[in-house]
C-alpha cells in the first residue's frame, strides 16, 4: 500500500490517520507548538557589561590566570595565549548555551530565584575567601609550576599527545586542556550560565570573551609581575561586592 493511500485510510468512526498525526503534533502546547525563547530581545549591552565585569572580577589572579602566566614563562607566549583563549571561548559558548536552555525547561521565575541565590553565595564566598587570604604568591606560583612539570613529564609520550601533535603543537594543546580542566565547574562558568539564563546570550558571550581576552593577555605578557603584586584580598572583595550587586539587581528584576 502506498504511503498516500495509508494516510487516507479512515477507521470506522471516520477519523483519519492524517488528522491523528496533525493532532499529535499540535497536542500539549497551545498555539503553534513549543516556543523556544532565545532571549534575543533583551538588551545586549546590559548583558555584555554584566558578563565583562563578572569575568574581570573572578578571573584576575585565578588558577587559570596563574596557569597561563607560568606556561608563558617556559613556552612561546602567543602559542600559550591561543590555546588558553580557545579553551575559554569554547567554555563560554557552552555555558551560554546551557543558560539559554534552562529557562525553556523550567520556569523563568525559578531560574531567576536560583540565579539570585547563586550570586549571593558566590559574593559571600569571595568575601570570606578574601578575609582569610594569607597565602604567599611565590609559593602559589611554585606550586602551579610543579604541577605543570609533573603533568608534562607524565604525558610526554602519551598516545593522545603523539596523535594531536600532527595537527597542533603540544604547547597549544597543553595550554588548552589545562585551562579547560581548571575552568570546568569554576565560579565564572556557573556565573556565565546564570547570566545567560536571564540575559541576552549574545551579549553574555561577547562580554565574557572580552573579559577572558584581557585577563589571559595580562597573564601571558605580564603574569608573573602582576600575579605577585595583585592583592587577592582586593580582587576577592571586589568580586564579592559585584556578585552581591548582581544578586540585588536580579532580585529587584532589573536584570530580568
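Note that Cβ sites are derived from N, Cα and C of the backbone, with glycine treated the same way.
The transmembrane segment feature in TrEMBL is assigned to 78-102, 108-128, 163-182, 202-222, 234-254.
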(request) Please figure out which one of 78-102, 202-222, 234-254 racks up the most CB pairs under 8 Å against the transmembrane segment (108-128). (result) 234-254
(message) Given a Cβ distance threshold of under 8 angstroms, which distant residues of the chain, six or more beyond its ends, lie next to the transmembrane segment (234-254)?
(response) 50, 53-54, 57-58, 60-61, 112, 115-117, 119-120, 122-127, 129-130, 133, 191, 198
